[in-house]
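Chemist: What follows is a structure written as C-alpha cells; I'll ask about it next.
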Amino acid sequence: MRASILPLTLFLATLAGAQLSGPVGPLVDYSTKARNQTCNIIDYGAVADGKTDISQALLDAWGNCSVGGLVYIPPGNYSLAEDIELKHGQSSAIQLDGVVMRGHRGSYQMILIRDCNDFEFFSGNSRGAIQGFGYEYLQNDTYGERLLRIQEVNNFSVHGFALIDSPSYYIVFDTVTSGEVYNILIRGVTSVGATDAIDVWGENMWFHDIEVSNGDECVTVKSPAHNYLIENIYCNLSGGTAIGSLGTGTNISDIHYRNLYMNQADACFLKSNNGDGIVKNIIWENVIVHGGPYPLAIDEAWGDDRGSVGVQVSNLTFRNWHGESVSASRPVIRLQCDSDVPCYDITIENVNLWANDSNYVVWQCENAYGDGACLSSAEGTKDLETFTSKQTITATPSYAAPTMAADFTFNLPSTSPFTIPPMPTSFYPGATPISTLLHLHGAGGLPSASPISHHRRHQ
C-alpha cells in the first residue's frame, strides 16, 4: 500500500511493521493507472454469461494495458476455459469486480501473473472472486489446478477479493518482493489435504486481514523468506500458520506473526527432517487458539528424511498465547528439535494453553534451549547436549480467549458448490482491519468518461 495518494498512512504503516525491511505495495495507485489507460474485457469480447470463455479477451486486454494501465473485469460471471499467463507488466493493475469461474480441467494454475513490477490485483467493489469448483475433483480424491500464482513480482498488492473452492492450492507467491496481501477471503473444502491457502517465499512481505477455511495450511512461509509481517490472520477450520516443510539450503529469518486467531487450527507448526540451513528471529505474539491439534509445535522429524545435518533453529519468541487444544492426548507445547543441531534462544512468555477434554496438559521439549515451559537453560550455544523433557501440568491457567462469531463448528462440504460469501469485516477479536474495503463504481473508481479506454475492433 505504497501508492502516492496515501503517503502519510503508508509511511506510518511501514513503521508499524518492525520486521519489514522497507515499503511494500505498488508504486503508483490504481486510479492513476485507470486514468492513463483502461482495458475493459467486455470491449475485447468477454461475455458475462458464465459460459463463454474469456481467456483470449483477458489476454488481449492485458496486452494493451500491461504497461501503465488497468485491466477491468466488471461485475458478472465469467468462464475461464484455459489456464492463462499474464506477464511482463510494468505499472499495471487488474480490477476484479466480477467472478472468474473455472471452466475447464487444467493441471497447473488458472491464472499465472509473472515478471511484473508495480502491480495491483484487487477488487474495486469488494465482491470480486475466483471460483474454482474444486469439489468436482476433491470429492473423488483427485486434484486439479491452483487458482492463482504470483511469480517474480515486485512492489505489488493483492487485496479485496475471495478465492473459493480450489481444486488444489489457492494462492502461491513465488519469489516475490515488497508485496502487501490483505482483505482476502479463502474458503473451500475443509476435509481434504494438499489444499494450502497461501504459500509464500521471497522478501519483505506484509500479510494482514485474511480469513481462511480449507483442508490444509493457512498462511505458510517457505524458504527462502526474510522480513515478513503477518498479522490479523483468521484460520477458521484450517491447518494453521506453518513454516516449512524445510529441506536443504533453508534460509528464513525476521518473521513477525501477531494477532493470530485459530479456530481448529495450529498457530505454529515448524516442520523439517534432516534438511540444513537456518531459521532464526521469529516472533509469534497475541495468539488465540480454539481447538488445534498441535497449537505450538516444532517437529524436526517431520516428513521425508532429507539426508543432511538438520536445520538450525534459533531466536524464537512465543508471547501472549491463550486458548485450548482439541485434546490432551497431544502436548499443547511440543518442541522437538534436531539432536545434531539443537534449537536455542527460545522464549516462551505468558503462554496459557489448556485442553478441551482434560484436567491436565503436557509440555514436551527435545533438544530445545531457552526460557519458559519445558525448555532447558544454557550458558552458550555450542556443544549443547541432547535431552528430552516432559512435564504434566495440572494447574488450570487463568486467561481470556474470546471467540469469533463466524467460527465454523463443522467441516465444509466436499460434494456441492460453494456460494461466495461477503468479505469479512473482522479478522481478529476486537481488531479493526488495517485497510477499509473498497466500494468503487467502475474502473479505478473514476467517472465513466474519465479513463482512456482502449477497445478491440470486432469484425
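Cβ coordinates are placed from backbone N, Cα and C, and glycine is handled just like the others.
When I checked Swiss-Prot for this same protein, it listed these features:
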- Asn36: N-linked glycosylation site (CARBOHYD)
- Cys39-Cys65: disulfide bond (DISULFID)
- Asn64: N-linked glycosylation site (CARBOHYD)
- Asn77: N-linked glycosylation site (CARBOHYD)
- Asn140: N-linked glycosylation site (CARBOHYD)
- Asn155: N-linked glycosylation site (CARBOHYD)
- Asp216: active site, proton donor (ACT_SITE)
- Cys218-Cys235: disulfide bond (DISULFID)
- Asn236: N-linked glycosylation site (CARBOHYD)
- Asn251: N-linked glycosylation site (CARBOHYD)
- His290: active site (ACT_SITE)
- Asn315: N-linked glycosylation site (CARBOHYD)
- Cys337-Cys343: disulfide bond (DISULFID)
- Asn356: N-linked glycosylation site (CARBOHYD)
- Cys365-Cys374: disulfide bond (DISULFID)
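Can you tell me where each of these features sits in this structure?
Modeler: Asn36 (N-linked glycosylation site): 18 other CB atoms within 10 A of its CB, across all protein chains.
Under the three-state DSSP scheme, Cys39 (disulfide bond) falls in the strand class.
Just so you know, the Cβ of Asn64 (N-linked glycosylation site) picks up 17 other Cβ atoms within 10 Å once every protein chain is counted.
Long-range neighbours of Asn77 (N-linked glycosylation site) (same chain, six or more residues apart, CB within less than 8 Å of its CB): Ala48, Asp49, Gly50, Gly98, Val99, Met101.
Its Cβ taken as reference, Asn140 (N-linked glycosylation site) is surrounded by 10 other Cβ atoms within 10 Å in the chains shown.
Around the Cβ of Asp216 (active site, proton donor), the same chain contributes Val192, Gly193, Ala194, Thr195, Asp196, Ala197, Ser238, Gly239, each under 8 angstroms and 6 or more positions distant in sequence.
In sequence order, Ala197, Ile198, Val212, Ile233, Cys235, Ser238, Gly239, Gly240, Thr241, Ala242, Ala265 are the residues of the chain that are 6 or more apart from Cys218 (disulfide bond) and have a CB within less than 8 Å of its CB.
Cβ neighbours of Asn236 (N-linked glycosylation site) (same chain, under 8 Å, six or more residues apart in sequence): Glu211, Val212, Ser213, Asn263, Gln264, Ala265, Met404, Ala406, Asp407, Phe408.
For Asn251 (N-linked glycosylation site), applying a Cβ distance below 8 Å and a minimum sequence separation of six or more within one chain yields Ser223, Pro224, Ala225, His226, Gly277, Ile278.
Contacts of His290 (active site) defined by a Cβ separation under 8 A and a same-chain sequence distance of 6+ are given as Met262, Asn263, Gln264, Gly323, Glu324, Ala401, Thr403, Asp407, in order along the sequence.
In the structure as shown, the Cβ atom of Asn315 (N-linked glycosylation site) sits within 10 Å of 18 other Cβ atoms.
Following the DSSP three-state reduction, the secondary structure of Cys337 (disulfide bond) is coil.
Secondary structure at Asn356 (N-linked glycosylation site), taken from DSSP and collapsed to helix, strand or coil, is coil. Shown in sequence order, Gly291, Glu324, Ser325, Val326, Ser327 are the residues of the chain, 6+ apart in sequence, with a C-beta less than 8 angstroms from the C-beta of Asn356 (N-linked glycosylation site).
Under the DSSP three-state reduction, Cys374 (disulfide bond) is assigned to coil, being neither helix nor strand.
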Chemist: If you measure from the Cα of Cys65 (disulfide bond), which of the recorded positions Asn140, Asn155, Asn315, Cys365, Cys374 is the nearest?
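Modeler: In terms of Cα distance, Cys65 (disulfide bond) lies closest to Asn155.
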Chemist: Just checking: which of Asn64, Cys343, Cys365 have a Cα that is within 10 Å of the Cα of Cys39 (disulfide bond), counting only these recorded positions?
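Modeler: Passing the 10 Å Cα cut: Asn64.
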Chemist: Can you name the residues of this chain that are 6 or more positions from Cys343 (disulfide bond) yet have a C-beta less than 8 Å from its C-beta?
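Modeler: Residues satisfying the criterion: Ile298, Val313, Ser314, Leu316, Leu335, Cys337, Asn367, Ala368, Tyr369, Gly370.
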Chemist: Round to a whole number and give the Cα-to-Cα distance in Å for the pair Asn140 (N-linked glycosylation site) and Asn155 (N-linked glycosylation site).
Modeler: 39
Chemist: Have a look around Cys235 (disulfide bond) and count the other CB atoms within 10 A of its CB, chains all included.
Modeler: 28
